[in-house]
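> I am attaching a structure below and will ask some questions about it afterwards.
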Amino acid sequence: MTQKAKNTIYLLILIILSMLCLVYASVPLYSIFCKVTGYGGTVRTTTVTQSKLGKTTIKIRFNADINKELPWKFYPEIPYTTVKPGEQKLIFYRAENLTNEYVSGMAVYNVTPYKVGKYFNKVACFCFTKQTLSPYQKTIMPVSFFIDQVYIN
């Protein structure tokens, strides 16, 4: 085999390995991109303290769709709340395992309209981690959030 053929084989192997690495890394990189920019309605998470409250009141509606294969009851305690930009709010979701087995689930959250997602900041949320409910367990799960004051501009 000539040196040129060996170099071509090495190059092809390098390209294939690079493509595999890119495929493997694309999902976490896209997730990071969405969290940083708020792209596609993905909310940003933060630990920032409250700033001076805005005067505008915003109505936030909560939804709880569930995968048909997940044997849970899952719903927000209140269907909506009002919040002023910069004001931190705490709301709760309720979940109940309807089976006699341990069942785990993880919330996928989104904000619509999508252009508002970058202003919706979750401080703490059950949706950051997988939730496991024991047989027939009922639980209350908190969500703490605020709307960035930049939204009113």
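These residue numbers are counts, starting from 1, taken along the chain as shown.
Using N, Cα and C of the backbone, Cβ positions are placed for all residues, glycine too.
What you are looking at is a predicted structure, and each value in this text was computed from that prediction instead of being measured.
Swiss-Prot feature annotations, pasted as is:
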| type | residues | note |
| --- | --- | --- |
| TOPO_DOM | 1-8 | topological domain 'Cytoplasmic' |
| TOPO_DOM | 30-153 | topological domain 'Periplasmic' |
| TRANSMEM | 9-29 | transmembrane segment |
> Quick one: average pLDDT across the topological domain 'Periplasmic' (30-153), no decimals.
83
> DSSP-wise, what's the residue breakdown of the topological domain 'Cytoplasmic' (1-8) into helix, strand and coil?
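Across the topological domain 'Cytoplasmic' (1-8), the residues distribute as 6 helix, 0 strand, 2 coil.
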> From the DSSP assignment alone, can you count helix, strand and coil residues within the topological domain 'Periplasmic' (30-153)?
24 helix, 46 strand, 54 coil
